[in-house]
Amino acid sequence: MRRLHRNLSLLFLICILNEYRIESQTLSPPITDRFKCLTNGCCDHHEWCRFWASIGECNANKDWMTENCQLACGTCTAPAAPLLPVTTTASSFNGGGFVQTTTQSSGPTTTITIPPSSLTSVTSCERVKDSIAQASELMSISRLINPVEDNFGRNMLSIDDITRSVPTGCVPQLSDVGVDCRKSLCYHLMYRTLDGTCNNLEKPMQGAAFRRFNRHFPAQYDDGKGEPISSLNQSRPSAREANRVMLSSAQSVVHDKFNNMMMQWGQFMSHDMSKTTLQPSANCKTCDPVPSKCMPIPIGEKDPNLGFKSKQCLKVSRSAPICRVEPREQLNENTAYIDGSMIYGSSLKDLHKFRDGRTGFLRVTRFNNQNVLPFDQSKCANKDKCTASFTAGDIRANLFIGLSSLHIMFAREHNRIAQKLTELNPTWSGDRVFQEARKIVGAQIQNVLYKEYLPKLLGVSFDKVIGPYKGYDTNVDATIANEFTTSAFRFGHGMIEEFYKRVDLSGNNITHGGFFFGDGVFKSGKILFEGGVDPIIRGFMTTAVKRPHRMTPAITEKMFGSTDLGSLNIQRGRDHGIPSYNKMRQFCGLKSANTFDDFADMILDRNLRAGLARNYNTTNDVDFYVGSMLEDPVIGGLVGTTLSCAIGEQFKRARDGDRFYFENPGIFTRSQMEEIKKSSLSRIICDNADNFELVSQDAFLLPGSNLTPCSKIPKMDLSKWRAL
C-alpha cells in the first residue's frame, strides 16, 4: 500500500510536469542522485523529495524517505563533512508553472583556514535555531545557508491578484494555507520572505503583506458596519471645510536646523510600511455617493476655489474592503516591517518585475548617461513628450520626483553592494548575492530611520515612545495600525512646499531651475532630461524643511488640478473608521477633553481652539488628523505629543517585533553589525549620486558652512561579508 501511495504521488507530479511548460520547453528529467546536498554530507537523493515530504511520505514511507530524503524530512544526523561538488537544481511552483534553474558547482579549489572560533559547526538548522543569537555565524561555518525559499504548496498573492479582485467589490487576504516555517528553516533563519511571512517563526502571519491593518480602537462607522463617519449622521463639517478652515494656509514656517530630506525620507518610509488598496476612481463619476465605493466631498457655498465649486464636489473612491470581514476592514499590500518593500515589492510573484533575472542585481535602465529605474523608453522620446513611469517595488515611486530620486539611489545602492559581494565571493549564486544585498540594504534603511530620522522627528519624545533597543520580542506584533497609516503618518503632507530648488555642485541653481510642487508630480522627464537626481537631492539637503502644522495651497488647491490632499486625508480617516482626536489623546495618556479649551494642553493657540469649536459640534467629533496637526510640536521635534505617541508606538513595534532588525543578535555577524552602524544616508548619497563631492555629515541637517568631503564620510567595509 505504501509503495502504491508513493507511485500515485509520483504519477500526480508527472501529470503536473506534463501540464506546465516554460517557454514552450518541457522540464528536464528529474535528478535522482545527490539532487541537493549540504556540506555535512546530508542529501536529498531525489528531485521530488520535497514534494513527497509535503504530502506526508516522511511518515508513510519512513524507512525509504529517512535514507533518501534526509533534508526534506529533517532526518539528517551525519557529522560535518567536506563540501561536495554536486549539481544543484532549484525548483519552485509560482502559480503559473514550474521554474527551474540549474547551476554547476566545481567544488573548492583552494584550502581555506577557518580562524579560531568558540563556535562549532552543527548539522541542521534546527540546531541553529537553538542558538539563535549566533545564527549568522553558525549558518556560515556549518555551510547551511540556503538563499532560495521553498514555496511549494503555499498560497501567495501579488499586486496583480489584488488588482484583478478589486472590481468584484472586495479584496482577499493572504491565506496561511501551506505556511510552514520549518519547511525552509535554513532560508528563514537568514533571510526575509518578500511577503513578511515567517518573520515570527511561531506566528508566521504577523506583519505579513496582504493582511488587514490592526487597530487601537474598534472601527468607528455610522452604522457600526462600514458606513463612513458623518455620512448617515451629519455630525462633522465636510472634510473640505474642515481642511480649508483649520489646516490650509499659504504661510510657511520652516525649521532652523532640519532640511527637506525630512519630508522626503518620511514619504519613502511610509511606502515601505503600508499601501492601502483603493477602489477604481473611474467608478466615481458623479457627486452622489455610491454604496461601498464612492464618498464624494461636497463643496460649500463659501468655498473660494471656483474650480472646485464648478464641479460641486471632490470625487473620492473608498478603500477596498477585505472580503467577508465585518465591520469593514482595509488591506495592507506591503509588509509591516522596515525591509525595503518599496524597493523589492512584497510578493515573490512580483519580484521578477524588479530583479534582473536570477542575478544578484536589480533591473536598471541606462539613459542619458545615468542608471535609473526601468521604464518604457518608447513613452519618453523627449522631455516635452515623456509620460514614462518608473518600475519599482511600489508603484507610488512616480508620485513625486523627489521620491523617485530616493528610489533610484537605493536601487543603485543595492547593485553597488551586489557587485562588491560578487567580487568578494565569486562562487556565490545569484540568489545568494541578491538576498545578501537586499538584507544589507534593509539594515541600512533601518539604521538611517532609527538613528538619524526618528530622533529629529520626535525630539525629546523619542526616548519615551521608542527608547533604546532591548532585543527582539516574539510577543510584539509589528502589524501596522490603521490609525498610524491612515492619519498619523500622513502628517508629512504638511511639510510639502510650494517650490523646490535644484542645485549644482557649486551650490547654484541649475540651468533648468527649480520647480513648483505640481510640476514635480508624475514628471519622470525632469530626472531623465534635466540633470538627473543629483540637483534634486542637493536642493533638498540645502533647503530648510517646512514645519508640518499647516498645508500649502499647492496641495489643498492645486493638487493634480482637481483635488485637495488635506481634505482627502480627513475623508480617508472617516472612510476607515478612525477614532476621533479626543479618543487618540486618551490612547496616548492625555486627559479626555470635555470642552474645546481642554485642548489647551496641546493646542496653545486659542484662535485654533475657537476655530475647532465653530466647526465641530463637540470635542468628540474632531477628526484625529485635524486635531493632531494643530498641536504644538514637542521640544526638539516636528510633531506634537499625540502624533509622536502614535508614530513612536508603531515604529517601536516595527523594530522590537522584527526578528530581522539589524541589531538583533544572530541576524548579522558581530563584525557585520558594526559595519552597518557606520552607514548613513549621506554615505549612501555619496556612493550612488552621479557627481557628489561635498555633503553634510547628517543628510537631514542644513549644512551651513560645514560641508564634508564624501571621502571623509564613514563607510561600511563589505569585506566582512567575505565567505570563509
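Each Cβ is built from the backbone N, Cα and C atoms, and glycine gets one as well.
Its Cβ placed at the centre, T335 (Ca(2+) binding site) has 33 other Cβ atoms within 10 Å. Annotation note: T335 (Ca(2+) binding site) sits in a coil segment as assigned by DSSP. Residues or ranges marked as Ca(2+) binding site in Swiss-Prot: D272, T335, Y337, D339, S341.
Feature annotation from Swiss-Prot assigns heme b binding site to H493. DSSP assigns H493 (heme b binding site) to a helical segment in the three-state reduction. Other Cβ atoms within 10 Å of the Cβ of H493 (heme b binding site), summed over all protein chains shown, number 23.
DSSP gives C181 (disulfide bond) a coil state; it is part of no helix or strand. Of all Cβ atoms in the protein chains displayed, 19 besides its own lie within 10 Å of the Cβ of C181 (disulfide bond). Residues or ranges marked as disulfide bond by Swiss-Prot: C181-C198 (among others).
The Cβ of C284 (disulfide bond) has V290, K293, C294, P296, K315, V316, S317 as same-chain neighbours under 8 Å, each 6 or more residues away in sequence. Per Swiss-Prot, disulfide bond is recorded for C284-C294 (among others).
Under the heading disulfide bond, Swiss-Prot lists C588-C645 (among others). Using a 10 Å radius centred on the Cβ of C588 (disulfide bond) and all shown protein chains, the other Cβ atoms total 18. DSSP assigns C588 (disulfide bond) to coil in the three-state reduction, outside any helix or strand.
Under the DSSP three-state reduction, C710 (disulfide bond) is assigned to helix. The annotation disulfide bond is assigned in Swiss-Prot to C686-C710 (among others).
Swiss-Prot lists 42-76 with the feature domain 'ShKT', giving sequence analysis as the kind of evidence.
As annotated by Swiss-Prot, N-linked glycosylation site applies to N7 (among others).
The feature N-linked glycosylation site is assigned by Swiss-Prot to N233 (among others). Sequence-distant neighbours of N233 (N-linked glycosylation site): residues of the same chain at least 6 apart with a C-beta under 8 Å from its C-beta are D222.
Taken from Swiss-Prot, the feature N-linked glycosylation site covers N509 (among others), and the record attributes it to experimental evidence. Spatially close to N509 (N-linked glycosylation site) yet at least six residues away along the chain are K501, R502, V503, judged by Cβ distances under 8 angstroms. In the three-state DSSP reading, N509 (N-linked glycosylation site) counts as strand.
Annotated N-linked glycosylation site per Swiss-Prot: N617 (among others), in sequence order. A sphere of 10 angstroms centred on the C-beta of N617 (N-linked glycosylation site) encloses 12 other C-beta atoms.
The annotation signal peptide is assigned in Swiss-Prot to 1-24.
The site 'Transition state stabilizer' annotation in Swiss-Prot covers R396. Just so you know, the Cβ of R396 (site 'Transition state stabilizer') picks up 16 other Cβ atoms within 10 Å once every protein chain is counted.
Cβ atoms within 8 Å of the centroid of the Cβ atoms of D272, T335, Y337, D339, S341 (the Ca(2+) site) belong to the same-chain residues G196, A209, M273, N334, A336, I338, G340, M342, S346, G442, site residues excluded. Counting every protein chain shown, 24 other Cβ atoms lie within 10 Å of the Cβ of C645 (disulfide bond). The Cβ of C710 has fewer other Cβ atoms within 10 Å than any other of the disulfide-bonded residues C198, C294, C686, C710. Mapped onto three states, the DSSP output places C284 (disulfide bond) in coil. Neighbour counts of Cβ atoms within 10 Å were taken for the binding-site residues D272, D339; the minimum is at D272.
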